[in-house]
Amino acid sequence: MPIEFACQVCKQTIRVPDGNEGRRTKCPNCSAIQPIPGGPAASGDAYSAGGAPQQPANPFADSTSSSPSQPNLGKSPYASPYAAHAGSMAVGFDEAKQKLAVPAIVCMALVGIMSALSVLSLLMFCVLVVAGEERDRVGFAMNIGFSALAIFFDIITLVALYKGSQMQSSAMAWAGFILAMIPCTTGVCCIFVMPFSIWGMVALSDAEVQRHFQG
């Protein structure tokens, strides 16, 4: 009895003589090679015993596709470029501020010491005037005037150095370091203040430091 089966490509009925089970034949309509059902599958058949085709391994497949998904630790393509620029600017601002921190702090400390001494001197002269111990009114007046002037310069210098150390004003920073070297501001301490003032002015001359000032 002939064997009849449908072509897997064009669905045309194919009829072959009995006894050809398991072999292959050509469809007379579409010329597709078809396995003849009813026997063991021929060697090299693309279909397995279970009827499911075996998919060959793709040598170009992504090796990470079968592994569990890993979080993307690289740079996000949607990250804003301004965030990275802001981070670099923050680092540069801290470095610029650190360059001015040491000379500004040392100058402020020495100016503060001289300011405290000037205040004590002014108080002492005022007490002597009140107690009636003044013998030379002109001399006392000059001493009080010099002490008050020194305190005035000290206050301006401290404010300028503080604003400079906080990167608020480049002009104030320059004024603070220059005033710190004047003898009427720091007195005998100007010898010790001078190296740190020069250090601060050299740091201020750096263009990378200047561009981080707010004004």
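Just so it is clear, glycine is given a Cβ too, placed from its N, Cα and C backbone atoms.
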Self-check item: 7-40, 41-74 - the one TrEMBL records as region 'Disordered'
Solution: 41-74
Quiz item: Sequence-remote contacts (6 or more beyond its ends) of the transmembrane segment (105-132), Cβ cut-off under 8 Å?
Solution: 140, 143-144, 147-148, 150-151, 154-155, 157-158, 161-162, 165, 176-177, 180, 185-187, 189, 192-193, 196-197, 200
